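Here is the structure we will look at.
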């Protein structure tokens, strides 16, 4: 029988509920329990796939092809449990399914309402796919009081009544602000947030109080008195120097022990946190440092590249070095040629990440050219690989080489994928069709040249599986021209039609991949491509 932990937030958004859920899941896992974490997103989009990165941040893609919230990346990185489509639901998807059923006549003429139809759909999602789990953690997006989240709160209230006693627990994340002028922490926002939650029929069992300054015992007792919880259930959550120290910090404050106590578990095994100790030791005690430039389009919001940022950190952990990331707007290079050398020369590695659209593309191509000519370690991901191929084609004499994503071109080195193979068979897409859910999404296999640099990076593997999210693909018709210029196709789809990896054997480290390796990197198991890239950057740092 799985136990359920419902995680809500109050006072303000962006308190770190996702990180808290991931940390608690990791702590329970360290005690030997099987856990899975799910995310309820109240927005009306069916999924975040068509949302602006500036609005939503990164779209995290699962093995089974779901476009999900970036918090699922935290869940997977902290627990090592692969996220899947059934771990994320939105109001948009709930309503889409309900309206489709109504149109089919599945409700037999009944009036379709928020209660019971919407709340039942949410409950069914929460209860599905238990897989002999010990704990299922459910994070509810947004803030208590948001009108969009009311059906989710009602579904939680019903579940807490319907499930067995001590089978559910509510954790509420709040803010205890510090008023500098008064020199005081203020508990009133937390009190009001708990009162708002209680008005919806949900009494929190544990309060996680985010604060900039230590929470004195007197303030903890005050919160406990006014919010009707034990003092030990008021857990301070101070700002941490690294997200990878958060699980250890929460354990020190007694979060996991208090949660287990809420379920009546008093004899739980002690947690094995040695892996977390090793990660934090490597993070806080590096033996060197490198500087990596990320030349992208959405650098104004680093959450747009959340998994990429973390994967670079993981590469640093693998090599025991600190990774300094410089976020560079690719458009700068289109406006000022002198900026290219000024911004790129100090770097030990250049990375061009995935993205969409023409804006900044010429700046990215200029970055590829700089890395190729100056022999600086280069890593191109998704669109970054496509830019590397366009740059290579231009160098090979195809001056008009471009992508059909950017408009009509006489030299379509990159074009839209019209069909590709999935486990279910051939999947097709028409240009001009719907954007949502129509990309090549999820895990696909690739075959590697056993004599290639990339195969060596993967430990000699000739077959790999990586996650994809793209509509456009390098045109294999240009393979001979590109390989003649030195850009080798070292990885292809199993049917040999879709290029997956390119590399330059005459370069210290030049790799482009069509997939997103950052989505599978973890602090305990850094992705080999990021480990190799940072290792090459470390070597470069010793040359300059």
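Note that Cβ sites are derived from N, Cα and C of the backbone, with glycine treated the same way.
Keep in mind it's a predicted model, so treat the numbers as computed, not measured.
The average pLDDT the prediction assigns to the region 'Amidoligase domain' (1-265) is 94. Annotation comment: Swiss-Prot describes 1-265 as region 'Amidoligase domain', evidence class sequence analysis.
Residue 222 (UTP binding site) carries a helical DSSP state (H, G or I). Per Swiss-Prot, the feature UTP binding site maps to 13, 186, 187, 188, 189, 190, 191, 222.
Sequence annotations record features per position, and here Swiss-Prot assigns ATP binding site to 14, 15, 16, 17, 18, 19, 71. Here residue 15 (ATP binding site) comes close to 9, 173, 174, 175, 210: these same-chain residues lie at least six apart in sequence, with C-beta atoms under 8 angstroms from its C-beta.
Taken from Swiss-Prot, the feature L-glutamine binding site covers 54, 355, 383, 384, 385, 386, 405, 471. Using a 10 Å radius centred on the Cβ of residue 386 (L-glutamine binding site) and all shown protein chains, the other Cβ atoms total 31.
Residues annotated as domain 'Glutamine amidotransferase type-1' in Swiss-Prot, with sequence analysis given as evidence: 291-543.
If you look up Swiss-Prot, you'll see 516 (among others) marked as active site, on the strength of sequence analysis. Sequence-distant neighbours of residue 516 (active site) (same chain, 6+ apart, CB under 8 A from its CB) are 61, 307, 354, 381, 382, 466, 467, 468, 469.
Sequence annotations record features per position, and here Swiss-Prot assigns active site to 518 (among others). Of all Cβ atoms in the shown protein chains, 27 besides its own fall within 10 Å of the Cβ of residue 518 (active site).
Within the same chain, the residues at least 6 positions away from residue 405 (L-glutamine binding site) whose Cβ sits under 8 Å from its Cβ are 356, 357, 358, 414, 416, 471, 472, listed in sequence order. Between the CA atoms of residue 14 (ATP binding site) and residue 189 (UTP binding site) there is a gap of 15 Å, rounded to the nearest whole number. Other than the site residues 14, 15, 16, 17, 18, 19, 71, same-chain residues with C-beta atoms no more than 8 angstroms from the centre of those residues' C-beta atoms, the ATP site, are 9, 20, 21, 74, 139, 173.
Here the binding residues for ATP are 14, 15, 16, 17, 18, 19, 71. Their largest Cα to Cα distance works out to 12 Å. Maximum intra-site Cα distance, L-glutamine binding residues 54, 355, 383, 384, 385, 386, 405, 471: 23 Å. Taking the C-alpha positions, the distance from residue 188 (UTP binding site) to residue 16 (ATP binding site) comes to 20 Å. All chains included, 20 other C-beta atoms sit within 10 angstroms of the C-beta of residue 19 (ATP binding site).
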